[in-house]
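The structure appears below as structure tokens.
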């Protein structure tokens, strides 16, 4: 018979602790244990949650796990895997929808905050354009391309076509460095200068080009390239 949360000592049960102290008081593995609900014949649900996190080396890799990868772990079937992935996806969508509600970008820090949680864990480079109105409110966001940044690939037409369509007053470009190091490359700088020049010609300003690393970023405007 599988171990369940009720089989854990009462003062250690995640559900009871959440009710008495709030969700913020629980550790990552305790929150996952609530989603899993049951353990295995050999271990409690809390122990299973701990093993799951150890296997993926924390929440960050777990966020990108597939159902197949999760079900390779003893004690994690399709139902448990789907429950965890659904919860992680809801968290991502809540964060995204909160930011998208006419988010105002007044400085590089605002822009980085808007995309950081979505982009800092990506395993490939994503080049994103954020379109703003005259009040610097976000009106649209588009992933222009996925792959290594190259001046021959990032064509200004693809960036500014959407800006014209959306009647945007300005645009902020963002891309991530999967290495976690946001230091700009020569290609990053060349692409930025090209986009800024095109923006000046058509009258839609490139406000900035942000490079996202792991919990850090660089503004190419602050570096003098815009």
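All positions are counted from 1 along the displayed chain.
A Cβ is built for glycine as well, from the same backbone N, Cα and C atoms used for every other residue.
Record check: Swiss-Prot places 175, 177 at the Zn(2+) site, and the matching candidate among 188, 190 is 188. Residue density at residue 175 (Zn(2+) binding site): 26 other Cβ atoms are found within 10 A of its Cβ, drawing on all protein chains shown. Following the DSSP three-state reduction, the secondary structure of residue 188 (Zn(2+) binding site) is helix.
Secondary structure at residue 175 (Zn(2+) binding site), taken from DSSP and collapsed to helix, strand or coil, is strand. Residues of the domain 'MPN' (104-226) grouped by DSSP class, helix first, strand second and coil last, total 39 helix, 36 strand, 48 coil.
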